């Protein structure tokens, strides 16, 4: 599980920091060597933060000169609604020094984050839209409020989006890229999820505006710090465009437990962005995955066409709602379509319905609770302690 946060918070809280325990108890094979995320305590000022960064830079330079370390030091700083953190590439001596600073809340190892999609099935039926707009299964028509997310901005934090795809014509722009220098979707995952949350044909919120935020490579992987950097950008962008309270964010990705990842999405939600997250595809308790385990966000598990839990879907008390995730047809780069399965496909259904609710006047703070309230209690064998509620858009059908 690799839950470093518990260890690092404890280490940061005691007077004599046993940094050896931190390095020894890394856990998992997803740790990025010598890469860390440092989170400051609440209340640390901008001046204190800058002073800390300067001190870390000096310490890193000194240690690098002494030991010939090839680490590069501080990389990016984050400020998500007052949550201050940074990531970097440091040797152990520098991390030991960082852990001793009383302004530091915790340090955790940066880890690999991957998309949450599984298989492709050619010519599978398009069933998700009909299912989320009817109380009974088997309906092919999608019934929805005509506002359809109009006036809402949805950030697709993923592998990028094919912004030239006709599904998004006139409603999409490229945002930022935290993983490479290729501002395209070389994987297809991000285009597919965007097609579900806001595509003209395959989407739920058909009139919402879309922003492509690339945090995963064409191979479908990235880092926790790269995802946090993308989320930070989204909050800053929404604030600059007066879109807080009128924005949603889809995260069809995840990794092992990360308190920093959970903190970042929580602050984004608190800032005024509805956040939908994939529960994960390991058929295990989602409490062990991030950012799915963040209580503040709307965590989506995956259902099948016959209202059962998808065999791969994570479950648990942290799951807020089930949504269609098996064999979902949506957009593919180059103007085509593709069928994918995964909680990655469930999350954008939730994101789209959430965005549509925001357009109807439901607040960001109330949106997930509203989805849980009106969801249909139809999922069979949802998993131990897991809701049996299936996503419903309240169409009345």
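Even glycines carry a Cβ here, placed using N, Cα and C.
Since the structure is predicted, the reported quantities are computational estimates derived from the model, not experimental observations.
Per Swiss-Prot, the feature signal peptide maps to 1-19.
The feature domain 'Inhibitor I9' is assigned by Swiss-Prot to 35-116. In the predicted model, the domain 'Inhibitor I9' (35-116) has a mean pLDDT of 91.
Annotation comment: Swiss-Prot describes 126-397 as domain 'Peptidase S8'.
What Swiss-Prot lists as active site, charge relay system is 158 (among others). Taking Cβ-Cβ distances under 8 Å and a sequence gap of 6 or more within the same chain, the neighbours of residue 158 (active site, charge relay system) are 115, 185, 189, 190, 193, 194, 212, 213, 214, 215, 216, 250, 252, 253.
In the structure as shown, the Cβ atom of residue 189 (active site, charge relay system) sits within 10 Å of 30 other Cβ atoms. Taken residue by residue with DSSP, residue 189 (active site, charge relay system) is part of a helix. Swiss-Prot lists 189 (among others) with the feature active site, charge relay system.
Annotation source Swiss-Prot lists N-linked glycosylation site at 250 (among others), citing sequence analysis. In the three-state DSSP reading, residue 250 (N-linked glycosylation site) counts as strand.
Its Cβ taken as reference, residue 344 (active site, charge relay system) is surrounded by 32 other Cβ atoms within 10 Å in the chains shown. For 344 (among others), the entry in Swiss-Prot reads active site, charge relay system.
What Swiss-Prot lists as N-linked glycosylation site is 393 (among others). Other Cβ atoms within 10 Å of the Cβ of residue 393 (N-linked glycosylation site) number 24 in total over all chains.
Helix first, then strand, then coil: DSSP counts for the domain 'Inhibitor I9' (35-116) stand at 30 helix, 33 strand, 19 coil. Between residue 344 (active site, charge relay system) and residue 393 (N-linked glycosylation site), the C-alpha separation comes to 19 Å. Residue 250 (N-linked glycosylation site): 33 other CB atoms within 10 A of its CB, across all protein chains. In the three-state DSSP scheme, residue 344 (active site, charge relay system) is classed as helix.
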